[in-house]
Amino acid sequence: MGGGESEFRLEDKVSDGRGRVQKKTNKADQAYDVLQSMITFQELPPGSMLSEAALMELAGFGRTPVREALQRLARERMVEIHPNRGVLVVGTSVEAQLKLLELRRTVEELAVRLATHRANAERKEAMVRLANRLDNLPDADLRAFDRTLKEIHELIATAADNDYLLVAMTPLQGLSRRFWFAHIQNPDEELATAASLHSAILHAICHGDEEEAAAASLRLNDYLVEFSYRTIRSR
């Protein structure tokens, strides 16, 4: 992660909302993606306190983009910024995850209902491509799955054609993804289950079946809630 700013990383790519992947040009967005990924996969462990300079070196970006990325991560409750002390990586908890999933349940159901009616042909084609990708992901390639989930969530929110919904969904999904990756015990099994649940949502939207899309989103939420409770039993 210590490469220079000109290095092209997988994290530099972003969906354009139509399923096409483009290179991000905003360095703050790139820095955000790198740091968020490092937090999600615990390269920056929960409870760790790091200086801004250390994060600049780890992310490979200068002060301004890293500072902007940290402000965004703080708003999303992944970090806390303590002046003159550093940046604290916030931990995860089952209690917080369950509260988050309560809200995600309603917001995501609304998003898929709207997307069913508002997604144009190009976006539906992109959803089919993403569903096919879910069916062909390498076993236990969690980072590839994380990137695919980000594209799916962004595409559904974009297809719903409501900017406020996109703003609401992004942190909810980012935090719930982080919890899932942090507590996964059987990667092959969990990835297959999560991939199937997301694929069902995409196919229902593409077929114009609002009720099935909503039901599929609720099944995904039920799975995430059940997964959260399983983390307690596995302690």
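Backbone N, Cα and C define each Cβ position, glycine as well.
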Item to check | Annotated stretch (coiled coil, per TrEMBL) among the listed ranges 100-127, 156-183 | outcome: 100-127
Checklist entry - Which numbers of helix, strand and coil residues does DSSP report for the domain 'HTH gntR-type' (25-92)? => result 35 helix, 10 strand, 23 coil
Checklist entry - Per-residue pLDDT averaged over the domain 'HTH gntR-type' (25-92) comes to what? => result 96
